[in-house]
Amino acid sequence: MWRPHLVDTARLKYLGIVDALEADIRAGRVTPGERLPPQRAIAEALGVDLTTVTRALNEAQRRGLVSAQVGRGTFVRDEPAGDEGGGTPLDLSMNIPPQPAEPDLRRILPQGIASILTSPRGTLAMHYQESTGAPADRTAAASWLAGRVAGASADRIVVTSGAQAALFALCALLLGRGDVVAAGAVTYPGLKAVAAQQHLELAPVAMDEQGILPEAFEAVCRERAPKLLYLIPSIDNPTTATLPADRRREVAAVARRHGVLLIEDDPYAPLRSERLPALAELAPELTWHIATLSKCSTPALRIAYVLAPNAAAAVRLATVLRSSVLMAPPIFAALATRWITDGTLTALASAIRAENRQRQSSAASIFSGLDFAADPDGHHLWLHLPQRWRAAEFADHAERAGLAIVPASAFAVSPHPAEAVRISLGIAPDRGMLEEGLTQLSGLLTQPAVGSRAVV
């Protein structure tokens, strides 16, 4: 049976236990299938508390070293992970919503598709559709948007295969090579990708804790003459800022004065408890509103709705989509319509919001005393680093510790972004694993910052 001991060089005791166990497994001192001592016995042997041992065994499971069997104990796996990095990293980089226990997507997704295929609409769901979307889907989309955007009508809506496809098509429709797009000083990386592909210039707009500054937007309009402003007004990605109602009105007024079009990317609005006026309400003649379902249900449902300024504009966007993706996936569009009409989508958004709040509460406790921004309804946070750390180096150190996060450079439009990282809370399979990862990150912040790679 394994003789518990610690690797003294580990930065945290529980990691010292795991590192010692892993070394013994690799060296053959502990054999596959061997049962480990009870947790209490390990704690007594090492002079640590039971919580430390529990964390150690959870980490050992994450690394693929052991498996726990209810009622029998913890056993060394037959094929422990052989990766040098110590197992599969905990991904805190992908901004995916947590999957709630109920409604269970693994159950309702296949059930919903099967139900559609056996319904009167089943045959149509396997046919080509209009590039604007089927009438039933556009009507359902209008009802879904009605609670957040006054005046949304089906004839102004285009059903698309996700927000990124919608953004690419909108830029292709509205802009030409060399045109200037204004965006926050840090912004959604998908916009940067589109700008690079379509040879657009990005002009950074200064931000504070509430989002872009109207006076900074005004200055960019005078100095760079952008054709379009892109923004995420609710729970911004990555900063988590939400534009207050008054500031939204100011931004709309600036856009109207300078004739600047607006792309309002609003994926997180269904998760927010408080309703704020959409830019599509404040400046409907200028605004293209994107409402994806990925953040309030699952990225597997590749559906986003675009609310155009008017019906004719919706048809023009559909023409661009016809030449690229042709149409949104009909089976998913039909499923989204069903979930809107039977209340499933509302239930999913509500369950995700509740889980987000639990995870944000855990993060706030673990990161207490640190400088970070978060929205209780969102599933990411924006962590400002201590002065000794650079964001890229911290992200690299985190990766070496088995944690994936995103440095500010991935979002930067301005040349000198803040030393900050985005941490996504949703993809961790459970709160326990998330808390373990956040605790590791918090511990990493206390270490001296050193260069992650040798320079020769």
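Heads up, residue numbers simply count up from 1 along the chain you see.
Note: Cβ is positioned from N, Cα and C throughout, glycine not excepted.
Residues in the domain 'HTH gntR-type' (11-79) partition by DSSP class (helix H, G, I; strand E, B; coil) as 35 helix, 9 strand, 25 coil. What Swiss-Prot lists as domain 'HTH gntR-type' is 11-79.
Mean pLDDT for the DNA-binding region (39-58) in the predicted structure: 87. Among the features that Swiss-Prot reports, DNA-binding region is placed at 39-58.
Look at Swiss-Prot and you will find K295 tagged as N6-(pyridoxal phosphate)lysine. Long-range Cβ proximity for K295 (N6-(pyridoxal phosphate)lysine), meaning a same-chain Cβ under 8 A and a gap of 6 or more residues, is found for N95, P97, P267, Y268, P270, L271, H379.
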Contacting positions for the DNA-binding region (39-58) when only residues 6+ beyond its ends and CB under 8 Å are counted: 3-6, 13-15, 17-18, 21, 66, 68, 74, 432-433, 436
